[in-house]
Amino acid sequence: MTTQDVIVNDQNDQKQCSNDVIFRSRLPDIYIPNHLPLHDYIFENISEFAAKPCLINGPTGEVYTYADVHVTSRKLAAGLHNLGVKQHDVVMILLPNSPEVVLTFLAASFIGAITTSANPFFTPAEISKQAKASAAKLIVTQSRYVDKIKNLQNDGVLIVTTDSDAIPENCLRFSELTQSEEPRVDSIPEKISPEDVVALPFSSGTTGLPKGVMLTHKGLVTSVAQQVDGENPNLYFNRDDVILCVLPMFHIYALNSIMLCSLRVGATILIMPKFEITLLLEQIQRCKVTVAMVVPPIVLAIAKSPETEKYDLSSVRMVKSGAAPLGKELEDAISAKFPNAKLGQGYGMTEAGPVLAMSLGFAKEPFPVKSGACGTVVRNAEMKILDPDTGDSLPRNKPGEICIRGNQIMKGYLNDPLATASTIDKDGWLHTGDVGFIDDDDELFIVDRLKELIKYKGFQVAPAELESLLIGHPEINDVAVVAMKEEDAGEVPVAFVVRSKDSNISEDEIKQFVSKQVVFYKRINKVFFTDSIPKAPSGKILRKDLRARLANGLMN
């Protein structure tokens, strides 16, 4: 529903009134126990499913029950504490997807510590920068990555490796820490405040330098509850579900919407360390995956792969995509591959914890939804759309900057009050930098990012719109559209295109394909053919890398 709220701000003893158009979920608000520490909330109902499979290690087939995960994470918490990791200390996870990611995150939470996760394929300099910025005291990793971080030992950073074989010199063995006396963990932490930070992901840096995002116990409890709690949860997971986790767990989407949401409801998580299309399809068939949480590059690979015809994918009842909008053509293609699945999207950003909106088609009692929509605002939260030029809130069907307010958003950026103040205003609204609108049925549609909009002679051109058209062409495997400087127009849209296998589609053919479907100022000016589109682990296109190619004359 939408309400016209009169908001009164007291500034210098002068009251000022303004009408804000605020959007809320079509689902009713629910009670959220966000006074609890995250681990207590996650395991609140564990007695009901302690013997049930919790984690399946895809490569090995090893299964951990909920009781195994609970006990082992508590023992690991005691082991970390014995090494000197205290409340508010930071533990870095430098691992591919594995059960140890789950165990380490929960163990840190138990002792009031904070986890920051980094991509193990980062360069040594990138890892070092994050470790130092977060003041990491201990790093959990695999032996093959130790060379990247061993210089940090000079600063007193401890390194724990998860390998079962021989470990590098001066490193500790993960398995030894999990054999510590488990009951001692109860007396370890001081009282954990709901406002204490529990996770410190670093934002993708697609519009600036990476910054530590402080997510609290209260924030993550709220975010998980907004998704999976209540009589009619927005994201209906159940204890019989097998949830696919192929998205990187060092990204907040997998950490929250897959790992934490699954643990809360007692579902089984199938953990896969990397995406490989044939292996993915084999595991879906073998483990009878019911929920596939994906991002557009994976959707694209599945939709365009002939391998899918060889496997039984009928167990999948839900396919949820996030990180970037899907076009209708891609939605239709993936629906054909998963005939029994509901397909929908969610919308989030790290700073929002991360979920702002989610398809109500995923609810236990689903609502009708439209193709291309990114869902409706989550319950127990508020959303508004602002005019980027005037700052006024906008009514339905008017595109503007998306803003969100609620207990789930970040506490702020680590050691960066200026960046925090420019993102969260004095009234608690988080400004996303994304452009979208809410229609007559409360559904959110993303237009693009403010800074990614192309300005052609004053006209705004949204890259996502053109990408959606282009990806529907059968001879195009992947695409990204960015702005290129042009003296007359200011900026013109250009496309980086990955041809489909055996395709020889030309630049002129692509231009004509688009020109027939858009107004004159949205026409593609140039096409550059490339082997791949650079993307962040979250699936978002790294447009700044493509703009750098243009600036350096390295288009092809």
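The backbone N, Cα and C atoms fix where each Cβ goes, glycine too.
The structure displayed is predicted, hence computed values, not measured ones.
The N-acetylthreonine annotation in Swiss-Prot covers THR2. The annotation ATP binding site is assigned in Swiss-Prot to SER203, SER204, GLY205, THR206, THR207, LYS211, GLN345, GLY346, THR350, ASP434, ARG449, LYS540. The (E)-4-coumaroyl-AMP binding site annotation in Swiss-Prot covers TYR253, SER257, ALA323, GLN345, GLY346, THR350, MET358, LYS451, LYS455 and is backed by similarity to another entry. Under the heading CoA binding site, Swiss-Prot lists LYS274, LYS457, GLY458, citing similarity to another entry as support. Per Swiss-Prot, the feature region 'SBD1' maps to 276-345. Look at Swiss-Prot and you will find 346-413 tagged as region 'SBD2'.
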Looking at the binding-site residues LYS274, ARG449, LYS455, LYS457, which sits with the largest number of other Cβ atoms within 10 Å of its Cβ?
ARG449
Restricting to the binding-site residues SER203, LYS274, THR350, ARG449, which ones have a CA within 10 Å of the CA of TYR253 ((E)-4-coumaroyl-AMP binding site)?
THR350
Winner by Cβ contact number (other Cβ atoms within 10 Å) across the binding-site residues SER203, GLN345, THR350:
GLN345
Find the one among the binding-site residues LYS274, LYS455, LYS457 whose C-alpha lies closest to that of GLN345 (ATP binding site).
LYS274
Return the member of LYS274, GLY346, MET358, LYS457 nearest to SER203 (ATP binding site) in space, with distance defined Cα to Cα and candidates limited to these binding-site residues.
GLY346
Closest of the binding-site residues to GLY346 ((E)-4-coumaroyl-AMP binding site), Cα to Cα, picking from LYS274, ARG449, LYS457?
ARG449
Which one is it: of the binding-site residues LYS274, THR350, LYS457, whose Cα lies the shortest distance from the Cα of MET358 ((E)-4-coumaroyl-AMP binding site)?
THR350
At a 10 Å cut-off from the C-beta of GLY346 ((E)-4-coumaroyl-AMP binding site), count the other C-beta atoms across all protein chains.
25
What does the structure give for the C-alpha distance between ARG449 (ATP binding site) and LYS455 ((E)-4-coumaroyl-AMP binding site)? Integer Å is fine.
13
C-alpha of LYS455 ((E)-4-coumaroyl-AMP binding site) to C-alpha of THR350 (ATP binding site): distance in Å?
27
Quick one: DSSP breakdown of the region 'SBD2' (346-413) into helix, strand and coil?
6 helix, 23 strand, 39 coil
Can you give me the Cα-Cα distance between LYS457 (CoA binding site) and THR350 (ATP binding site) in Å, rounded to a whole number?
33
Return only the integer: C-alpha distance in Å from LYS274 (CoA binding site) to THR350 (ATP binding site).
21
When secondary structure is assigned with DSSP, how many helix, strand and coil residues does the region 'SBD1' (276-345) contain?
35 helix, 12 strand, 23 coil
Cβ neighbour count (within 10 Å, all chains shown) around TYR253 ((E)-4-coumaroyl-AMP binding site):
27
